[in-house]
Amino acid sequence: MAIRYVFGRAGRGKSYFVLEEIKKRLEGEGHHKLFLLVPEQFTLQAERDLIGKQALKGIMRAEVLSFTRLTHYVFNEVGGITKIPINEIGKNMILRKIADESSKDLSIYKSIAKQEGFITKLNDLICEMKQHDITPIELTMEFNEMEEDTLLKRKLNDIILLYQKFNNYLRDRYVDNEDNVNLLIENIEKVQFLEGAEVWIDGFQSFTPQIFRVIEKLAEKVKNLTITFTMELKSKESDQDLFHINRKTYLKIKSIAQRLGLEEEIIDLDRNERPVLPKVQEICHIEKELYAYPYQQYTGEITHLDVFSGSNLYTEMENVAAQIIHLVRDKGYRWKDIALVSAGLEEYSMILKRVFEEYSIPYFMDEKRSIMNNPIVELILSSIGILARGYQYEDVFRFLKTGFGDLNKDEVEELENYVLQYGIKGKDYAVPFTKGFTNKKHEEIEQEESDEIHEEKIKYNEFRERFIAPFLKFEKKIYRKKKVGHITKALFEFMKDLNIEAKLDQWIEELREKKYFEYVNENTQIWNKVMEILDQLTEILAEESTTLKEYGRILEAGFLACEVGVIPTTIDQVLVGSIERSKSHDIKALFVIGVNDGILPSSREDGGILLDHERESLDKKGLSIGNTLENALLEEQFTIYSALSKPTEYLWISYALADQEGKAQRQSILIDRIKKLFRNLNIQSDVVPTLNRQLHLITTPISTFKYMTESIRQNIDDKPMEDIWWDVYQWYSNESQWDERRNLMVKGLFHENQISYIGEQKARSLYEHPIKSSVSRLERFANCPFSHFVTYGLRPKERKEYQLSNPDIGRLFHDSMENFTKELVNEQIQWKDLTREQSDYFVEKVIDEMVPEFEHGIMLSTHRYQYLVTRLKRISKRAMWTLTEHIKKGQFVPMGHEIIFGLEGDIPPIVIELESGEKIYLEGRIDRVDILNDEDGNYVKIIDYKSGSKEFSLSDVYYGFQIQLLVYLDAVLSSQSQKYQAEVHPGGIFYFKIDDPMVKTTEKAVKEVEKEINKRLKMKGLVLKDVNIIKKIDEDIGRSSSILPASLTKEGEISKTSSALPEEDFKALLKHVRGLVKEIGEEMLKGNVKIEPFKKGGDTSCKYCAYISICQFDHSFHENQYKTIKELKNEEVLEKIRKENENI
């Protein structure tokens, strides 16, 4: 028995040496077995290399194995497995069950144990402990020796509990991979197939203590054992850190060999010149000097190394793709000669796929893919969630949107709209839908029901029945059955009822037809993977009792542990992979992307269950778990060294200056190191696009089209453009298949994103006749004509959701005010006679009556909304009593509430005649009108209730943004003048905020607090500049009013700070507003649909506009500019309006 050590730096041909030896043995006379042991993820490539490189006729005696596969070989011969094997999926599910059951006994991990990812970390830690031969007993002994109540001690307490329970659960029944290795160690000496065998171990940097024991047993059993080490036999002082882990591994193996008394042989490939693949000087220099201190600098010409700096991730990938095309097209490379690796592949993945497809580069992404986002997994977890959480919206539509239910995509979207609008959830699915199909008393609409409503009702209930039918069967099967086995069986039958397997096959066929072979490969495995998980779940937890919620968490833990590997669909393609994981065949060119600070080398996060310093603390006490931060950094350093030394002819290293969100990124220290190693290195970049760089991007028709478009756009914007792009444009012009796309491009380049007018004919066809307009419609047009066009011309409908919006709350306030007034009329109570107790009683009464019917009972649907009802009552009580006190303090009396003016209203509309003779009828609803009839004349006061803050601005009135109160005043003045056959005068126009403000107090008297509240509820607006009228609105005015925005001087005159206007200015304002309405009406009927929002200071009309995604207003377009509004002072407004009247 002998052991051989094969030494050599990266690229010295160690693997080639091993394969060559195996070839010689196969060609020789012997009949003994030959085994090549490699890491699990490299077995496929090693098999290919063994078959392909050696040109052998047969390899029956030689096999490529991982240590896991070796375990299976041993057990197949000697037996020994009397327990049920469980994989990582099964372990995760068991640990989830244990963690949930142990929640009360945990201290540090009580809440953390419920988080996604904890179980995976716990499983990893237990695996490490088993691999390092650390048992719960050893941990307990260490725990007992700890004196201080440290965080580590409390962590160990939880870990010991979970670890022990896990082992107890497995004992006598199950065996995991780590226990299998222990069984392997016990059984190696019994097997016959290893008698006289030769074993080569290649591709490892280090081993766990468990695997060291396996190697020890192999060394005792086999004829020859050969192990390769990527390191120099006598490393230079400068390379000590680089080969530190490899050297430790070698010394450990050597000590085993010496203890066994094996014959040792050293093969040093660094000294023995061998016919390995020659490499270019630049790659050789990197291999020798990357981590050498001191280092030698390369001073020659650099032709086989490029370092590139991209503006962002996308341009970095575009330049990578262009260079790959260059190598294949101009240098004669095959796709398979090229590999691309990254330490941040997740961030690049989607960009890479898109760019490579644009450039028609065939590629294979070597990665394990989580199945968590697969539709079948989504279907299973959402189905369990539906029953566990009682048909909640998220679970129901997570299920339906998988596409494997009995509703098609359009039906799902229709049902979702209905469910969101009426708040369908829980038990609502168990009975026929009636919301939206009943009258206000929730009685079925029968004979009066329209055919359309009846059909809608039938349709939605058919959707409901098709969705819920399989769930009712599922629910019935698990009713009162709590065992995991019963639920799993019912789940399988549920999937069978849905015909999932056949639907999956059909979907895979559709993917195949669309040539999405990558997804075909992935989804072909998914059904078997799911069945494997359900089988494992039944095998290990069948008799365990659980709840549906816990069952879902256990199943999710299993799915989280499951990944699928994808097999390459063809050999000739670019290999894409993680720098840590990928093991490629011999390659000529390597692209290393994402070489940014924190990515390569990575900024290792101490995110495990045990932190690095805690591992070190245990290591000092003899409990070595191995995976310290220092080891991880050394391993990564070795990985970088191995990767950069891999190609034979060309190396590309690149990084991005900004991430996908545009945040700046720094280059890696690795870039600085490469720059130091190569004196003449010139880092290329696309930040300033040179002619050569642009020429480099002219590759394939699809990818080049985009660059051409960007360049011509620059030319249009008066920026410099290289003439080569006109030649490129000419090429596309000569290719007829590009005509449609080229024409669209030209149209897009000269797109102005502006349509001023659609014409009178179209405008008249869009808007109803006669034109009846609300004030808010006119204000919207003044804000932006395009917003008006979309709202009142196109009339899109927003998806209605079962939730209260601010307008809904405002409507509730308004309705309650109206109903309050009706109660007073019914009870024949005058406002001036109303008491506080009566006011509060009527508020309670009207709101209690309104709430059950308001928006389909939404106010009673949740505790949050029920609390809102209480708050609304409090605010309404305060508002009603404040308004009552206002009336009591003055001589104005309410003439009416919710007064409608319009063609069919309580009072006539305002009629505006346009130049064409056509008329616009202004209509609206006035919250409250008060009137004063005395010897001085008739005066009216307009009050509009607002649930939010609303400041009155004469400047906004002037521009047409706030004409509501003046239009209301105009309508009432006109109607009352006709009624009294005499002039009626404006008394005031006001906003009243419905609120119950909180007042900070330091034991103030109740009267003082009330006074402060009334001050805050003071109305805002304009009052007639007449002391007599002001006093008739507020008889208690004194120096300052608590009702309206007015105050008096010592002499009893109206102060300058008062918001008051003489009657002639009121009339001038009314005239100005009528002029605005006419102007807006003229523009509306001309078809003005300009995208022209206003900008006033820092405020714009786009701020709360729902249509910004439709108009796509962008002020970088010359035609998209804000209509800048200057804020005018009150006197400026009045001066302008007076001048208007003078000019008429």
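Each Cβ is built from the backbone N, Cα and C atoms, and glycine gets one as well.
Residues or ranges marked as ATP binding site in Swiss-Prot (evidence: sequence analysis): GLY8, ARG9, ALA10, GLY11, ARG12, GLY13, LYS14, SER15. Reduced to three states, the DSSP call for LYS14 (ATP binding site) is helix. In the structure as shown, the Cβ atom of LYS14 (ATP binding site) sits within 10 Å of 23 other Cβ atoms.
Summarising the annotation, Swiss-Prot assigns [4Fe-4S] cluster binding site to CYS784, CYS1102, CYS1105, CYS1111 and lists sequence analysis as the type of evidence. There are 20 other Cβ atoms within 10 Å of the Cβ belonging to CYS1105 ([4Fe-4S] cluster binding site).
The domain 'UvrD-like helicase ATP-binding' annotation in Swiss-Prot covers 1-276.
Marked as domain 'UvrD-like helicase C-terminal' by Swiss-Prot on the basis of sequence analysis: 274-584.
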- Note on the structure: Cβ contacts within 10 Å for GLY13 (ATP binding site), all chains included, total 17
- Item | Sparsest-packed of the listed binding-site residues (GLY8, GLY11) - C-beta count within 10 angstroms | GLY11
- Message: Looking only at the domain 'UvrD-like helicase C-terminal' (274-584), what is the model's average confidence as pLDDT?
- Response: 89
- Should one count Cβ atoms within 10 Å of each candidate's Cβ, the binding-site residues ALA10, CYS784, CYS1111 would be headed by CYS784
- Query: Compared by Cα position, which of the binding-site residues CYS784, CYS1102, CYS1105, CYS1111 is the closest one to GLY11 (ATP binding site)?
  - Reply: CYS1111
- Message: Need the DSSP three-state call for CYS1105 ([4Fe-4S] cluster binding site) to compare against my parser.
- Response: coil
- Return one of helix, strand or coil for GLY8 (ATP binding site), based on DSSP. strand
- Note on the structure: Comparing the Cα of CYS1105 ([4Fe-4S] cluster binding site) with the Cα atoms of the binding-site residues GLY8, ARG9, ALA10, ARG12, the shortest distance belongs to ALA10
- Can you tell me how far the Cα of CYS1102 ([4Fe-4S] cluster binding site) sits from the Cα of GLY13 (ATP binding site), in Å? 66
- Would you pick out, from the binding-site residues ARG9, ARG12, the residue whose Cβ has the largest number of other Cβ atoms within 10 Å? ARG12
- Query: Just checking, which of SER15, CYS1102 (binding-site residues) has the fewest C-beta atoms within 10 Å of its C-beta?
  - Reply: CYS1102
- Query: To the nearest whole angstrom, what is the C-alpha distance linking ALA10 (ATP binding site) and CYS784 ([4Fe-4S] cluster binding site)?
  - Reply: 68
